[in-house]
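Trainee: My structure is below; once you've seen it, I'll send some questions.
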Amino acid sequence: MGEYILAIDQGTTSSRAIVFNKDQSIAGVGQKEFTQHFPKSGWVEHDLEDIWEGVVEVCHTAMKNAKIDASDIAAIGITNQRETVAMWDKKTGKPVHKAIVWQDRRTADMCEELQKAGHEQTFTKKTGLLLDPYFSATKVAWMLDNVRGLRKKAENGSVLFGTIDSFLIWRLTGGDRHVTDATNAARTMMFNIRTHKWDSQLLEILNIPAAILPEVLDCKADFGTAHADILGADIPIYGVAGDQQAATIGQACFEPGMVKSTYGTGCFALLNTGEDAVTSKNRLLTTIAYRLDGKTTYALEGSIFMAGASVQWLRDGLQIIDEANASGKLAADADPEQEVYLVPAFVGLGAPHWDADARGAMFGLTRATTAKEISKATLEAVCYQTADLLNAMQKDWKGAKDAKTTLRVDGGMAMSDWTMQRLSDLLNAPVDRPMVLETTALGVAWLAGSQAGIWPTQKGFAKTWKRDQRFKPKMKEADRTRKLAGWKDAVSRTLTVR
Ligand SMILES: Nc1ncnc2c1ncn2[C@@H]1O[C@H](COP(=O)(O)OP(=O)(O)O)[C@@H](O)[C@H]1O
Ligand SMILES: O=P(O)(O)OC[C@H](O)CO
């Protein structure tokens, strides 16, 4: 048997494959961006054939770069952008529509109608989520209502629904398996996170036939075998998790009270709450962190829609930087006397506000304001938003108050020293950056590798987590208090629902 693990990370803007050595170091990487489709304002779609071809290509690239053959791989782990909806024909495997992406807001009216009809409590109680277009359910309902003949096919079981992991597994196994894992199921708004069943009451409200839904497995399980004609050898798929949950695992946040925050396109903070499915009073999400050997660990999640994407806006929109890294250098040179705030509500605000209609705003501009202060305000906004999430977590759950550990960070933006220092300053808490920033792929590689029996147990894996740098708070208390108050004021002036 081979001794390498292949992790497939199918993200929102690119697909990555990483071959891991037995000692958990990286042997080879493949990465490919794919086209984003914006057919109407607020709509975001992905071409599933594009995703499929890209994933197969990056797997081959990663194996080539690692200088190994498919037969050297012991197992595959799959992690994916969550909530995005795929539907395909059961016989041919052909998609019946482009995938509707998590960022897509087309079902905002549907969500409002469901709210008006008094269904929000029912959905939240059962799924831990809020009635928001972000999640899969209303996107599935939209497809059934809008693709000609689809509802009939769904009712007679000739089309299938899945999140991206399900779609990839269906293709990799040549249509043998229609499965997903508990973390992905938890993001669909159709799955009861307490009973671990697709919920018939919710399906009835949404008029979604149960026949289209995948079987839900633990994160470590036998998800089927990827066929030799695709990757070059028959390889078992042994691990699956949504990308933010995979990062929680990759950061070894296995103890209740541990929290990680991933700074990619958006930012997603997950707090391990152990066996408690904590109900938030502050509009955080209750979600499944992982399910191993039938035992569920829950998390509170805060989702921020714009993190690294705001830095992309500095680069591509305002064109005040050439590359993302330059944002920190500019911020470091900003005039400390200027109090400029950016509220990056470019696509509304996520947790804890969930204000879909809010739009971005900048406050405190003077004739002296330059690209430096704007850059600083952009990076600080991500830190302030994280502070809001962690405050909400502390209010929601007593276990978060005496969290034993510090915030563990990862994702592209965590490479910015300036931002991580400012984050620590504004949180007034240490921020730990690990050696391996590819925590998402690492998390799912651990699921697959330990299931294959060649990677350490959970405890052993947790011990391998290594810190690259700890950022400690240096800001004076008075400065922090003043700045946090300024941010609060800026947000309150931006919200449409107060
Ligand atoms: N040095 C940096 N400073 C600030 N932002 C950065 C830096 N490097 C990368 N980023 C941001 O991080 C994001 C990419 O991170 P990544 O984890 O690859 O995201 P995703 O998985 O969502 O595509 C980009 O939006 C980019 O603007
Ligand atoms: O693909 P990413 O890294 O932007 O993550 C997307 C999240 O899973 C959306 O919930």
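Every residue, even glycine, has its Cβ placed from backbone N, Cα and C.
Just so you know, TrEMBL annotations never went through curation; they're auto-generated.
What TrEMBL shows for this protein is this:
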type	residues	note
BINDING	Thr12, Arg16, Thr265, Gly308, Gly412	ADP binding site
BINDING	Thr12, Arg82, Glu83, Tyr134, Asp243	sn-glycerol 3-phosphate binding site
BINDING	Thr12, Thr13, Ser14, Thr265, Gly308, Gln312, Gly412	ATP binding site
BINDING	Arg82, Glu83, Tyr134, Asp243, Gln244	glycerol binding site
DOMAIN	4-250	domain 'Carbohydrate kinase FGGY N-terminal'
DOMAIN	261-450	domain 'Carbohydrate kinase FGGY C-terminal'
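If you look at the structure here, what lies around each of the features I listed?
Mentor: Within the same chain, residues at least 6 positions away in sequence whose Cβ sits under 8 Å from that of Arg16 (ADP binding site) are Ile8, Asp9, Val29, Gly30, Gln31, Val58, Ala441.
Classification of Asp243 (sn-glycerol 3-phosphate binding site) by DSSP places it within a helix.
In sequence order, Thr12, Thr13, Ala307, Gly308, Ala309 are the residues near Thr265 (ADP binding site), counting only same-chain partners six or more apart with C-beta under 8 A. According to DSSP, Thr265 (ADP binding site) sits in a coil region rather than a helix or strand.
Just so you know, the Cβ of Gln244 (glycerol binding site) picks up 28 other Cβ atoms within 10 Å once every protein chain is counted.
Averaged over the domain 'Carbohydrate kinase FGGY N-terminal' (4-250), the predicted model reaches a pLDDT of 95.
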Trainee: Just to be sure I understand: of Ser14, Arg82, Tyr134, Gln312, Gly412, which binding-site residues have a C-alpha no more than 10 angstroms from the C-alpha of Gln244 (glycerol binding site)?
Mentor: Arg82
Trainee: Which number gives the other C-beta atoms within 10 angstroms of the C-beta of Gln312 (ATP binding site), all protein chains shown included?
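Mentor: Excluding its own Cβ, the number within 10 Å is 15.
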Trainee: Can you tell me the CA-to-CA distance separating Tyr134 (sn-glycerol 3-phosphate binding site) and Gln312 (ATP binding site), as a whole number of Å?
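Mentor: Roughly 22 Å, rounded to the nearest whole number.
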Trainee: Scan Arg16, Arg82, Asp243 for binding-site residues whose C-beta lands under 6 Å from an atom of ligand 2 and note them, or write none.
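Mentor: Arg82, Asp243, in sequence order.
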Trainee: Within its own chain, what residues at least 6 apart in sequence put their Cβ under 8 Å from the Cβ of Ser14 (ATP binding site), listed in sequence order?
Mentor: Gln31, Lys32, Glu33, Phe34
Trainee: Measuring Cα to Cα, how many angstrom lie between Gln312 (ATP binding site) and Glu83 (sn-glycerol 3-phosphate binding site)?
Mentor: 23
Trainee: Ranked by the number of other Cβ atoms within 10 Å of their own Cβ, which of the binding-site residues Gly308, Gly412 ranks first?
Mentor: Gly308
Trainee: Under 6 Å from ligand 1 by Cβ, which binding-site residues from Glu83, Tyr134, Gly308, Gln312, Gly412?
Mentor: Gly308, Gln312, Gly412
